[in-house]
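Chemist: Shown below is the structure under consideration.
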């Protein structure tokens with residue numbers, strides 16, 4: 001087994017960078033590894049149109065480390081009030097690459113999200129016409145639905161209907177967490193893809209709940225039972241081009257996670273590709289990592305793959321116990337624990 005792994009530079013097709021004073025920290029972490037990233041728009045207020053996307057993009061570019069060529073790929077936040085004209089303008093601007101459907105109340109800063117998918121059908125028609133992909137947080141939010149069943153029920157009630165109604169619309173089922181989602185994506189047309197996070201490949205709900213509640217494993221969609229984790233590992237390592245890397249790295253300050261009502265999100269960007277390598281190594285599938293991390297996403301979005309490369313070496317190191325987050329701190333995934341792979345710096 002090789003102790004060195006070289007890949008075309010990967011991209012992250014789902015990340016939260018937040019805004020303001022924390023951007024120099026979050027942008028540096030993603031730019032260390034990834035050439036591009038799909039930037040989630042759930043700020044306060046959200047990124048609703050091309051002008052707001054451009055302003056956020058400029059703040060991200062200004063926060064890049066010196067010499068970085070990292071490219072943020074911007075996303076619009078869909079609301080009940082989004083207009084088809086805003087979709088056409090976003091597509092025409094060249095730097096908006098998708099629009100995001102958050103069911104209202106599904107996750108962090110989603111209160112402005114869509115209350116009924118039927119309300120945005122004219123917007124989805126415009127997206128299909130101009131070729132702007134739809135990114136979906138696939139969970140229902142009704143109070144009578146068990147949190148572990150939100151994704152499965154969303155598929156049955158909404159996802160099937162959307163892809164059948166708009167067959168030419170490219171749809172990314174984001175951060176999938178269940179065997180049902182894997183099966184849905186496999187059976188859908190080539191216009192449907194899915195991102196998978198490192199934490200859903202490496203962990204299941206036992207890691208979060210057995211022996212005490214571990215808030216830094218709490219995310220949405222929530223970690224599921226190990227049978228779903230196995231289905232995700234099967235999909236990610238299968239070579240199926242419909243599945244690609246999306247960290248859903250979502251930082252919250254330490255005090256906001258370690259609280260009586262803690263926030264949802266895992267911060268993995270600081271060592272994302274190293275964590276994915278561990279997951280793929282568990283399946284003896286390191287030969288499939290480049291396709292998942294570097295090729296499948298660009299192909300789905302109609303973009304060229306990166307031409308430079310990164311190299312990982314099999315070398316144990318200890319993850320930091322905390323990281324700077326503006327004037328505060330964030331506790332990263334795997335804080336204080338050993339990682340088995342290390343990224344060689346400045347290999348391009």
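Each Cβ is built from the backbone N, Cα and C atoms, and glycine gets one as well.
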Chemist: Can you pick which of 42, 191, 284 Swiss-Prot lists for the same substrate site as 16, 17, 18, 137, 220, 252, 264?
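Modeler: So the substrate site in Swiss-Prot includes 16, 17, 18, 137, 220, 252, 264 plus, from the candidates 42, 191, 284, 42.
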Chemist: Per Swiss-Prot, what member of 156, 234, 248 joins 14, 16, 100 in binding Zn(2+) 1 at one site?
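Modeler: My reading of Swiss-Prot gives 248 as the candidate in that site.
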Chemist: Taking Swiss-Prot at its word that 100, 137 bind Zn(2+) 2, choose the one of 158, 175 listed for that site.
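Modeler: Answer per Swiss-Prot: 175.
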Chemist: When you put residue 100 (Zn(2+) 1 binding site) at the centre and draw a 10 Å sphere around its Cα, which of the recorded positions 137, 175, 248 have their Cα inside it?
Modeler: 137
